[in-house]
Every structure is written in C-alpha cells, then in structure tokens.
There are 2 protein chains.
Amino acid sequence: MISPVRLALLGCGTVGSEVVRLLHEQSADLAARIGAPLEIAGIAVRRLGRDRGDLPVDEALFTTDALGLVKRDDVDVVVEVVGGIEPARGWLVEALRAGKSVVTANKALLAEDGAALHAAAAEGGADLYYEASVAGAIPLLRPLRDSLHGDRVNRVTGIVNGTTNFILSAMDATGAGFAEALEEATALGYAEADPTADVEGFDAAAKAAILASLAFHTRVTAADVHREGITEVTAADVASARAMGCTIKLLCIAARVPDAAGKETVNVRVHPAMIPRTHPLASVGDAFNAVFVEAEAAGQLMFYGRGAGGAPTASAVLGDVVAVARNRLAGVRAPSESAYADLPVRPMGEALTRYHVSLDVADRPGVLAAVAGVFARHGVSIATVRQGSAGASGAGAGSGEDAELVIVTHTAPDAALAATVGELRGLDIVRSVPSVLRVEGGA
Amino acid sequence: MISPVRLALLGCGTVGSEVVRLLHEQSADLAARIGAPLEIAGIAVRRLGRDRGDLPVDEALFTTDALGLVKRDDVDVVVEVVGGIEPARGWLVEALRAGKSVVTANKALLAEDGAALHAAAAEGGADLYYEASVAGAIPLLRPLRDSLHGDRVNRVTGIVNGTTNFILSAMDATGAGFAEALEEATALGYAEADPTADVEGFDAAAKAAILASLAFHTRVTAADVHREGITEVTAADVASARAMGCTIKLLCIAARVPDAAGKETVNVRVHPAMIPRTHPLASVGDAFNAVFVEAEAAGQLMFYGRGAGGAPTASAVLGDVVAVARNRLAGVRAPSESAYADLPVRPMGEALTRYHVSLDVADRPGVLAAVAGVFARHGVSIATVRQGSAGASGAGAGSGEDAELVIVTHTAPDAALAATVGELRGLDIVRSVPSVLRVEGGA
C-alpha cells in the first residue's frame, strides 16, 4: 500500500470547495495518474461552523489556524486559494522553505512578490506551481514555461479578465455605456460588489506580470506594468471602433521592444485598445479569456477558455496538484524560476503603439494642415485621416461650423503620441477630443 | 564547465534543417534555459553531399548510418524527424532501450505502434516526448498530458490537418469543387504531390489516435480510428452547409460514449462534418490547426496555431529537447505513458452522431410521410425538415415533379443513421441523395 500524498487546503470558497469536490469525485482517477492516493490533511478557513452545503469532507478537517496546518509534518502539498498578499505570503514561504510543494492561484502575490516565493522554493528544494493564477482553466503557464522553451516569444497579447471582457462585449453588442454594462455584469454575477480590481485593470496587470516573466525569462512585477482600466471607455469609443471595423478589448500586452540603442527590452501594459474584428481575439466574447502568443518559430498561437469560476480554476489547481504529487513520489523537482535573461523593463512612453484619435474641429480651411503639423512636430506619422460626421454639435460634415476628423497613426513611441494628443487639445481649432484609443493587432 | 547535452538528429529535411538553424541561432538562450549547452553529435541523412544551402553546421557531422549514430556513446538525446514506421521504429527502440531520451515528430509510428516505443522507454528508463507529432507548434500534448490531469476530458474535437483545412476553406470561400481546390492547394505547396495521406484522412487519424490516448488514458491506435477523407465532399455539400449556417471541416473527434449497458467506452473518428459558423472551430481558416477540448471542470478550451511547416514543427521539437535535456541534467524522467483507464474502443456504428441528409424526391403527397417512416423504423428522431428548391432537375420546389427535402436528425447511433440513409436510397420516391454529412458542434 503506497502512502497517500497529503494536502493542506488554504481557503474553501468558490474555488476551494470545487477542489474538495473534484478530489472526492475523481479520487480513483487521480490516484491512478499519480501512483498514490491524495488525501486532505486539513482545510484552513476564516470561520468554522459555516454551512458548506453538501461538501464531501469530514467537518473535523476544518481549522482556522492556517499557519499551524502548513507546519504540520504530515502535510506534503499546500494548496492556496485564499488570495491577497498577507497572510498568504507568510504561509507559502513557510511551506516552501520546509520543502513542501505549493500550488497557488494567487496572482496578486505572484505579481507583487513572486521573487520571495521563488527564493523560498529554491531554499527548500520545493515545487511552486501556479497555473490557476492566470486565465483560470486555460493551460497557459505550462505551455509558456515548457513547450515554448525551445522558441523565442516576441509578444503576448491577452484578454485575461472576464469581468471587463463581459462589460466591453455588452457595450459592443448593445451600444450601452460603461455604467450600464457594469450594472448588468454585477446583476449577473460577473462583477463583484467592488469591481475596482477588475475594471481598473489591477487583476489584468497582475496576470500580465506573470505572463511576461515566463515569456521573457525576466522578473516582471505588477509595479512594472503600465495600467489603464476601462472606466473611461465610452459608448462613443465603441461606436468609433465599430466604424473602423474594430472592437474594444482590455488587453494585456507583453512585448519585446528595442530601446533607442537597439538593445532588447521588455514593455508590459494593460489598457483598452481597438482590435480589428478579424483578429482571433476579437471574437472572444462574454467572460471568456484568450491569450495570443507570437513566437519566432512557432508563429501565432492562441489559447482560449474560461478564465474564472470555481470549477475551471479548480481544474487548473488539480492539474498542478497531480504534477507536484508525482514529482514528490519520484523524488524530483520541476525546473525552478527562469529569469536568466533579465531584460530591462521599459516605461510605457517607450512602448511602440498606434493611436486612433477623433477630433471635433472647426470646419474651415487650414484645419487639417494645422492638425497634421502637430503630428509631424512630434515625429508621428499619420496612417489614415477620415473626415466624418460632426461630433458633439450634431451638424453634418462640412455643413456647419464643426467637423470631425478621425486619425489613425502609424506606430510611434507612446510618449510622442500622448504629447501629440496633449498639444491637439490645446489648439483653439480643436473643439474637443471625443475619443483617444490605442490600436492593436495590426489593424 | 558543464558538459554539453549531445543530440543525434535523424533527418534533415524541412523540419530537421529548421531544428539545426534554431539550435544555432538560439544556442545561448537554450543553454541558459537548460543549464548546459546543446551540441549536435551527428545528423543522419539518406544521402551525403547534398546541397543544404547555408545550414550552419559542420559537413563532417552528416552520416548515412542512422543506427550507428543512435548507438554512439556520446549521444544523449535522439531527435527523429524522418517519419514512417521503419526504419524509424528500430532506431528509436534502440535509443530508448539504451536510456537515451527521444524526441520525435513521427505521428504515424506513434499511432501504429506507440506501445513499442513506450515499452522501450520504460525498459531503458528514458524520456519519450512527441509534442510535434500533433498540430505542429501548438502546445497540445503537454496540456493534455499534464495540465488537464486533474480533470476529466470528455471530448476532443480537432482540425489537425492543414492541407484538408486549406482545401475545405477554399471550397467554402469560392464554391469550388474538391478537385479544383486540391489543385490550388498543390500549386501553393499546401498539398503534396501524392495527397493521399492528407485528403483520405490518414494523417488526421494518426493524430486522433495520439490525442485520444492522452485524453482518455487508454491506448488507441490508428487501426481503432474510423476514417473518412474529404474526396467525396462536393460543392453541393458546401452549399448545403452554408444554407444551414454551417461550414464543412475535416474533424478528428475522440469522445467518451456509454455503451448499451451504460459502461464507459471511447470512440475515435475522422470524417468531414458540418459545424455551425458560430463554433470556434468554424473560423479556423487556411492551413491553421485548432483543437477544442471539453473537460468536466475546465469546460471548453481551444488551442490554435500552425499545424505544420518547418519552423513551427521545429519549435515543438526544440521545446521537447529543452525538457528532456533538463531532465537528463536533473537525473529524472518524465511520467511514463498513462494508460491505466484502458477503456474499450467502440466501433463507429456505436458512436452517437447527427446527420444532415438532402434528398431529391418525387413531389407528391405522402412522400414526407414515407421518408419520415424510414427514419422512425430505425429509431432515428428528426430534428428539422426543410423543403428546399429542387435538386438535380433544377425545377423550383413544388413546381415540377421533383422536390428537395433537407433533413437534420437528432443524435443517434451512427449505424442506425447509416442504415436509414441506405434504406432511403432504395425508395423509388427518392430520386437521389445528393448530400449526406454528419453534423457536429451542437448546431
């Protein structure tokens, strides 16, 4: 009889209870795949005695002493699905230093202080797995970490937050504004009561840091990620995008960029952007996630699936549990953090982006020349100019005293583009700038 | 100085020469990721002295003695990109038994006699990796083998042959017939001079066997796979599909199915089928591949990318090379074949499918009743009936003596559906059966 691999489960909310359920339902299969049964040694929760429905687990396993549970000698693997920086960091560092394998879904902690976890793992000779931290059920970190290790990843572009994708998809489908779409998302359970982490891009930025670290073999933290949320995206922006054959998505982008001296650097950012409707990411609707990877030899790859929810996240957690349990039985450890490339992370101003700018301008001769002059002064080259119907005034193009100019630029440093828009806002022939959005995906 | 990991490369065609090129270009990165440099010990080719362009490799490394190369003591890893059953099987069995790691892209061999390779790997305590054998650059086997090991895969539906996908996409876009679209594919280099392996579904069937084996922890060989190619798909079929809001794809499908007694079994098949245009696989165009996975907890996942070509396939090969090289340095071995579930593979007749049938029938009272009676006798339930424009006769619906009936069934055992169509063909009120296609993807 092979002795079981014993798990400490930290957290028993939506994900944790699905982990418990799957461990129970699939126990025979999991044991066959691992070569030993899995057993729950204990479950740390905030409060005891809570009604946990029909969770198939002995009530005696629950404890409020997470650290005590982690330290127990009969615990082999620690599964953390609590989230947040502390106290999770303390528990996991303790576990890893003691040589216990850790499986975590904690993107905030990994993005903020992954270095502490990796250091503890190295110290204890322990495995640290975190597939569930990015894009829920989608196997993504393992492909980046292992399958693409013979290749050179140039760019990762992802939709990694389901809440904002639901909101933007709704805005695109119905013409609703942000507030209305957020309300719908909240009513349907896609947005939390406090949606800040999602709509302001914090969640996506944490995931961007994790993806960039793996893709570029470089430590990237949440603080390195330029972050803009979707609260400023208007129905007018969505309509502008539609007129361009585009849709708006909150993208996380991690890209290699050469600096002024041609040296390789990395830029990581989260912001709303227009992408062409023909781009594979454009059709990722509802709360789905997808990550588009461009690699030197592999070319374009896309990974698509459910990015959140109890069962999908639990699937990723259990995949990692099987892996670390097998490693323990085999007495081996997965390759540790790969950060050898150590590329400098450059600020947003140096990222190469393209802008879509709508301007309400005075409808008189010389306006286009003046506007084009501003772009030229900042070294920004214009790709297309379209004179559309007038903006706020409601008057037809050329018929009244206002006109609308829609300008799409070629690629330029983001700082030059931002400065261009800033100067345009100050021109007195420019009445207003109703929409400024970055354009991604080769539109 | 850490001693290098030494590779024997068997084959130096499209994929092999890309492997050489990438080994050269990325050598510093690969060494950093592995912890030791990679070195080519020798390259086995059919003929020496061939012009290999500017391949960055010493001419002295080439040999025609593959077996001799494999047996050399200074070879750690054998990379096979020759293809075919023999002599590749002999080389790889020899390598594995001697404890050498093997990385292969040889789908035909794995599907025909994977058991021999897995047995040799177990005997020699060696790694056997084959990510490149299915869907080229798309990281697919590793996610199935590792990431989803905590979950239960219910169904895998894939577009895994680029040539046929190019042909069917062209037929869909232009209305061309099979022969014309094949000609275009050949001219553009998407189809080989002898396209049999692709258009008759042999290539897809081998991949289906590999995917099913991994997804269901059960040995599935090419002989277990029901196989139909696309040579019989007509422009009329494509038009019928279009009228239904569908497109036609050559799908490989591996699914769990309960047998008559409710016991779990597996069915694996390759055939053309209609899928709704809204299905994520429908928009996979050109020579791209994609695999759609449905798992109990993870839900729906899709993996998309380039399924063939020198560089994409070489990317997958090198990802595996990095993995096995790391394993060697760490003195460990990846988990071996997982075939514990050993589910029975049931024949096509027991698979549950849906049919789309177009009939040219005599336009007179009682015809629909007679046709519906045939379906009923076979226990097949009809989902929709549409009376369309007449078929071969060209006369309008109901206006002449012929009419067209388009029938889509509910799910039924494939044998019952096939028998229904057989009996319909024998009815004298049925003039012809211009189109019979399976329908997949929940249309």
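Backbone N, Cα and C atoms are what each Cβ position is placed from, and that goes for glycine too.
What TrEMBL says about this protein:
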BINDING   B:Leu10, B:Gly11, B:Cys12, B:Gly13, B:Thr14, B:Val15, B:Gly16, B:Ser17  NADP(+) binding site
BINDING   B:Lys107  NADPH binding site
BINDING   B:Glu192  L-homoserine binding site
ACT_SITE  B:Lys207  active site, proton donor
DOMAIN    B:356-438  domain 'ACT'
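A map of TrEMBL features onto the structure.
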{"residue": "B:Leu10", "record": "NADP(+) binding site", "Cβ contacts under 8 Å, 6 or more apart": "B:Gly16, B:Ile43, B:Ala44, B:Ala66, B:Leu69, B:Val70, B:Val78, B:Val79, B:Glu80, B:Val81, B:Val82, B:Ala88, B:Trp91"}
{"residue": "B:Gly11", "record": "NADP(+) binding site", "Cβ contacts under 8 Å, 6 or more apart": "B:Ala44, B:Val45, B:Glu80, B:Val81, B:Val82, B:Gly83"}
{"residue": "B:Cys12", "record": "NADP(+) binding site", "Cβ contacts under 8 Å, 6 or more apart": "B:Val20, B:Ile43, B:Val45, B:Arg52, B:Leu55, B:Phe62"}
{"residue": "B:Gly13", "record": "NADP(+) binding site", "Cβ contacts under 8 Å, 6 or more apart": "B:Val81"}
{"residue": "B:Thr14", "record": "NADP(+) binding site", "Cβ contacts under 8 Å, 6 or more apart": "B:Gly309, B:Gly310, B:Thr313"}
{"residue": "B:Ser17", "record": "NADP(+) binding site", "Cβ contacts under 8 Å, 6 or more apart": "B:Arg52, B:Gly53, B:Leu55, B:Gly310"}
{"residue": "B:Lys107", "record": "NADPH binding site", "Cβ contacts under 8 Å, 6 or more apart": "B:Tyr130, B:Ser133, B:Val134, B:Asp203, B:Ala206, B:Lys207, B:Ile210"}
{"residue": "B:Glu192", "record": "L-homoserine binding site", "Cβ contacts under 8 Å, 6 or more apart": "B:Thr163, B:Thr186, B:Asp198"}
**Study point:** Other CB atoms within 10 A, centred on B:Gly16 (NADP(+) binding site)
**Key:** 26
Exercise for review: Could you tell me the mean pLDDT over the domain 'ACT' (B:356-438), as a whole number?
Suggested key: 86
Check your understanding: Under a three-state reduction of DSSP output, how is B:Leu10 (NADP(+) binding site) classified: helix, strand, or coil?
Key -> strand
**Study point:** Residues satisfying Cβ distance under 8 Å from B:Val15 (NADP(+) binding site), sequence separation of at least 6
**Key:** B:Val81, B:Ala105, B:Ala132, B:Gly310, B:Thr313, B:Ala314, B:Val317
Point to revise | Tally of DSSP helical, extended and coil residues in the domain 'ACT' (B:356-438) | key: 24 helix, 33 strand, 26 coil
Review point. 10 Å Cβ neighbour count around B:Lys207 (active site, proton donor)?
Key: 28
Point to revise | Residues flanking the NADP(+) site, with Cβ no more than 8 Å from the Cβ centroid of B:Leu10, B:Gly11, B:Cys12, B:Gly13, B:Thr14, B:Val15, B:Gly16, B:Ser17 and excluding those residues themselves | key: B:Leu9, B:Glu18, B:Val19, B:Val81, B:Val82
Study note, to complete from the structure: Reduced DSSP state (H/G/I helix, E/B strand, rest coil) at B:Lys107 (NADPH binding site) is helix
